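What TrEMBL says about this one:
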DOMAIN    43-298  domain 'G-protein coupled receptors family 1 profile'
TRANSMEM  27-52  transmembrane segment
TRANSMEM  64-85  transmembrane segment
TRANSMEM  105-122  transmembrane segment
TRANSMEM  143-164  transmembrane segment
TRANSMEM  193-214  transmembrane segment
TRANSMEM  235-261  transmembrane segment
TRANSMEM  273-301  transmembrane segment
């Protein structure tokens with residue numbers, strides 16, 4: 001929603017991304033993005049390989065977790081190409097197309113993550129609090145229908161960003177992607193209200209409700225240790241989803257709401273637009289943190305996933321597989337890698353723990 005910043009200010013202030021006075025900010029954002037790309041790429045790649053090659057029998061939880069990882073991976077994969085296009089001297093048309101694609105995929109990542117985190121919380125709530133009753137109307141096929149609906153929804157919701165994104169040429173032949181609408185308030189107000197309401201507030205209410213009801217169910221099972229253990233594990237997963245929401249998405253949507261209020265009251269001017277845009281763009285970077293935080297949810301979702309991850313981390317410490325040089329022999333490496341990535345029946349999951 002960079003279109004929220006379209007305003008009539010003097011030409012000298014029309015480039016809100018002039019960070020010449022904020023060099024520390026640029027370095028900080030660069031380091032943060034590098035860590036997000038590194039952690040997010042490794043974590044989500046491992047997750048996708050794990051679900052594709054290891055999980056034999058998929059459940060509703062598996063469907064949602066896999067699509068959450070896929071949603072994160074598509075954006076993480078796009079970030080290096082973003083730097084390539086914006087820093088090198090490409091044609092204006094090709095860079096314009098890429099700016100539109102990048103903005104569209106950014107919103108697909110943000111709201112796809114939000115919706116899938118919401119469905120994961122709802123699914124775990126049903127499995128923990130209503131494990132028998134929910135079997136009558138909630139299963140893998142219903143989860144698949146919900147997943148298809150989510151992908152269609154986020155693509156439709158991102159169409160306006162594709163049409164209102166444009167490229168501007170900056171100094172030293174680099175480019176920047178901006179958003180603009182000719183008459184922004186007629187478009188930005190209802191569009192922002194829709195995104196904040198259906199893309200943030202309602203999912204937050206659903207996740208918080210699932211957490212509250214799960215806590216109440218846990219309190220009622222004081223003498224049922226097995227039930228408390230099952231609900232407690234689901235409670236941790238729902239709590240993790242709430243933490244991701246709080247860290248990654250609350251600042252972005254709070255700033256989005258603040259900016260539209262500024263625009264409605266005509267308070268954006270040449271004195272404050274630079275600072276507001278810097279803060280807003282920083283909250284966009286914070287949004288991308290969800291791509292590196294979501295792998296934590298995958299670890300919490302399954303004990304077998306944790307064991308598989310630990311197996312890879314502890315691979316060099318397996319003495320029985322080491323040769324005289326202290327490293328895995330070629331034959332052992334091939335066998336061991338195949339066991340990890342393309343494990344057979346001994347590692348197959350019928351459902352998440």
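The backbone N, Cα and C atoms fix where each Cβ goes, glycine too.
Sequence-distant contacts of the transmembrane segment (193-214) (same chain, six or more residues past either end, CB-CB distance under 8 Å): 1, 110-111, 114-115, 117-118, 121-122, 124-125, 128-129, 157, 231, 234-235, 238-239, 241-242, 245, 249, 253, 256-257, 260. Using the rule of three or more Cβ pairs under 8 Å, pairs at least 6 apart in sequence, the transmembrane segment (64-85) is not in contact with the transmembrane segment (235-261).
The stretch in closest packing with the transmembrane segment (235-261), judged by the count of Cβ pairs under 8 Å and taken from 105-122, 143-164, 273-301, is 273-301. The transmembrane segment (143-164) makes no contact with the transmembrane segment (273-301), as judged by fewer than three Cβ pairs under 8 Å among residues 6 or more apart in sequence. Same-chain residues lying 6+ beyond the ends of the transmembrane segment (105-122) with a Cβ under 8 Å from its Cβ atoms: 61, 64-65, 67-68, 71-72, 74-75, 78, 143, 146-147, 150-151, 153-155, 157-158, 161, 195, 199-200, 203, 206-207, 210-211, 237-238, 241, 244-245, 248-249, 252, 284, 287-288, 290-291, 294, 297, 301. Mean pLDDT for the domain 'G-protein coupled receptors family 1 profile' (43-298) in the predicted structure: 78.
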